[in-house]
């Protein structure tokens with residue numbers, strides 16, 4: 001049997017009308033003789049509503065019980081959608097995490113999948129034509145409900161596709177693919193026909209909300225081609241795939257940005273082994289994601305340490321730093337929220353020099369001052385003043401000719 | 001270990017404030033050294049909201065998927081309550097139907113319990129002090145979610161108490177016990193300290209909403225004493241128990257009524273074997289609960305057939321009867337919705353004559369015309385015009401001196 005895995009996000013199942021749209025996609029794939037596993041998210045807004053309810057009951061809700069609570073969102077989606085399918089004469093049933101089972105570890109609220117019983121799914125697909133599976137949820141070895149973390153339904157879709165060795169995992173969403181940059185910022189943005197897992201990971205880490213990071217990691221690990229496309233059109237979207245030779249020709253795939261940033265500088269700390277650990281250890285313990293880190297060259301045995309964090313964590317970060325201030329001998333701690341990150345992303349960089357220089361030159365020509373720089377194999381990130389964000393995105397998009405049809409064009 | 005089973009209804013868990021009230025009851029029982037199984041309903045209104053959602057998606061929702069949908073209501077309650085308990089330092093966890101497991105048959109939406117794994121519950125009670133169990137739900141032998149029918153959380157509570165051989169099942173609700181009649185109709189109504197399973201069954205079948213019928217049947221079958229009491233007071237409520245000698249002294253325990261009635265008469269049907277089956281068979285097939293049935297004496301080989309049904313089923317009933325009209329040779333079919341049932345209930349009737357005569361005399365004195373009569377071992381029911389309902393309840397309540405303190409007084 002040929003098995004197709006389709007995953008639909010929260011906006012795609014937000015109402016009866018939206019679900020009927022989803023049904024068209026499912027019935028079309030079914031009409032081609034495929035068996036389907038359809039993975040659904042909670043109706044948009046539901047998960048947030050449930051979390052708000054939990055916060056009303058507890059300042060720090062028990063993670064295991066929070067998972068019991070929030071998984072009701074997907075449970076509602078799959079029940080309703082299975083009803084629609086049955087009314088349409090399709091042999092279908094809903095499947096909850098523990099019924100598959102999607103076995104995970106016991107790390108509630110951010111569990112990792114350890115096993116999926118494909119024999120059971122294949123047996124069910126003999127009996128049913130469509131299995132409507134609740135995304136985001138699994139169960140641990142004791143049968144307790146777990147969740148895979150925010151956006152985990154993407155991961156559910158990719159994981160089930162990997163386990164069933166499906167040709168593709170189709171991720172249907174409210175955008176029609178992955179773009180060279182945010183079309184809301186830059187009207188020259190162009191839909192990519194293909195993008196590599198690594199590029200997608202860099203884009204996702206920069207806040208591009210098309211795919212959840214862990215699902216891309218999963219897809220990369222198991223080499224599952226992911227087709228990101230729109231629920232509301234029949235156009236092909238973007239294939240997220242392993243790098244192949246033809247893609248090397250493309251220098252840069254996209255420009256990403258992240259406004260949710262704050263810059264923190266700790267002044268005049270003692271420059272000795274262990275001082276970085278003393279600063280960043282407590283932040284890591286509290287789950288604060290420190291990104292770009294710059295340590296100035298030492299003057300008279302002292303140095304400044306600058307780094308970026310998500311803006312939402314600023315208050316917590318400052319509180320923690322005030323606690324370690326004496327220990328690290330810092331003279332002052334300052335922060336700046338008027339900053340943002342802009343990144344140039346492309347696997348082609350691996351084999352080409354001069355990409356960074358070209359980016360810096362383009363920004364400089366528009367008088368955009370670069371505050372910090374960090375680079376990876378396939379990404380160059382600049383921290384700039386927030387007011388230059390749109391200008392920087394436009395400038396870089398044009399500098400690398402992303403608006404023009406290249407080999408990566410649709 | 002001494003195990004206490006407490007069940008709380010929808011109004012008792014309707015909000016954070018209400019749940020805090022529930023927690024007081026739980027902590028009090030815990031303070032006495034008991035281990036607890038706390039069975040919760042969905043927050044009041046939730047189940048209806050979910051059913052309305054289902055009806056928006058399907059005219060006749062698939063029963064299995066409807067169960068997947070509606071069980072989210074209890075799932076939300078138990079997760080939130082377990083959070084509260086954990087925050088209060090109690091070793092507690094939530095338990096869903098499939099996690100107990102409460103094994104049922106596969107008759108979705110009205111499943112019957114076939115087995116409860118008490119070894120597993122006892123093992124969990126070694127680890128936890130309070131298990132917060134979702135009422136209303138179970139799972140069949142294939143692991144699919146089932147529900148026990150409306151009000152099924154009472155049944156869950158009684159079933160778990162029976163399985164664990166608990167001394168009592170405490171059913172906490174928004175009323176403080178079982179009354180001699182509806183206090184909203186008759187201010188002389190008095191709370192009963194005790195009532196028998198059979199009397200409770202008759203009262204429940206007459207629409208007294210204190211306990212769900214099946215839970216009382218279950219309690220009777222396994223001889224589980226049920227203590228019906230208020231979440232919002234510390235007063236003792238009403239014990240629902242097996243009949244004992246002292247109770248025989250009480251002639252009548254209560255007066256019940258049911259306004260949700262319609263009377264249907266099929267005129268001039270052929271009086272021959274099989275005609276009753278031809279009329280009532282199709283109604284039973286469609287799940288219509290026919291109650292009082294009267295067949296007039298035959299005149300010239302023909303007879304009239306009169307019976308009562310729930311008012312909500314009238315339209316369906318008339319449609320079915322129109323279909324069988326020719327077959328049974330009926331000349332006419334008429335109905336009347338301006339009727340109601342009033343019942344006198346008491347196990348003492350078994351050993352006393354004259355109860356019926358006394359009831360008829362009392363009603364006659366107030367000029368209340370009796371349209372139909374049906375009797376059981378412990379109940380006398382009269383169908384009367386709806387406008388006399390309150391008058392009849394008052395009259396009967398007074399005739400049997402239910403307002404006075406008897407052996408059954410609180």
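First residue shown is number 1, and so on along the chain.
Cβ atoms are placed via backbone N, Cα and C, with glycine included.
Any TrEMBL annotation is an automated prediction that lacks curation.
According to DSSP, residue A:210 (ATP binding site) sits in a coil region rather than a helix or strand. Cβ neighbours of residue A:210 (ATP binding site) (same chain, under 8 Å, six or more residues apart in sequence): A:173, A:175, A:177, A:178, A:200, A:203, A:204, A:228. Positions annotated as ATP binding site by TrEMBL: A:7, A:8, A:9, A:10, A:173, A:174, A:179, A:209, A:210.
As annotated by TrEMBL, substrate binding site applies to A:47, A:74. In the three-state DSSP reading, residue A:74 (substrate binding site) counts as helix. Under a cutoff of 8 A between CB atoms, and with a sequence separation of 6+ in the same chain, the neighbours of residue A:74 (substrate binding site) are A:40, A:41, A:42, A:134, A:135, A:136, A:137, A:153.
Here the domain 'ACT' (A:264-338) has a mean pLDDT of 90 out of 100. For A:264-338 (among others), the entry in TrEMBL reads domain 'ACT'.
Look at TrEMBL and you will find A:344-410 (among others) tagged as domain 'ACT'.
For residue A:7 (ATP binding site), the same-chain residues lying six or more positions away in sequence with a CB closer than 8 A to its CB are A:38, A:39, A:40, A:41, A:135, A:153, A:154, A:156, A:157, A:158, A:169, A:170, A:171, A:172. Distance from the CA of residue A:47 (substrate binding site) to the CA of residue A:179 (ATP binding site) is 27 Å.
Per DSSP, the domain 'ACT' (A:344-410) is made up of 30 helix, 16 strand, 21 coil. Every protein chain considered, the tally of other Cβ atoms within 10 Å of the Cβ of residue A:179 (ATP binding site) stands at 22. In this structure, the C-alpha atom of residue A:47 (substrate binding site) lies 12 angstrom from that of residue A:9 (ATP binding site).
In the three-state DSSP scheme, residue A:9 (ATP binding site) is classed as coil.
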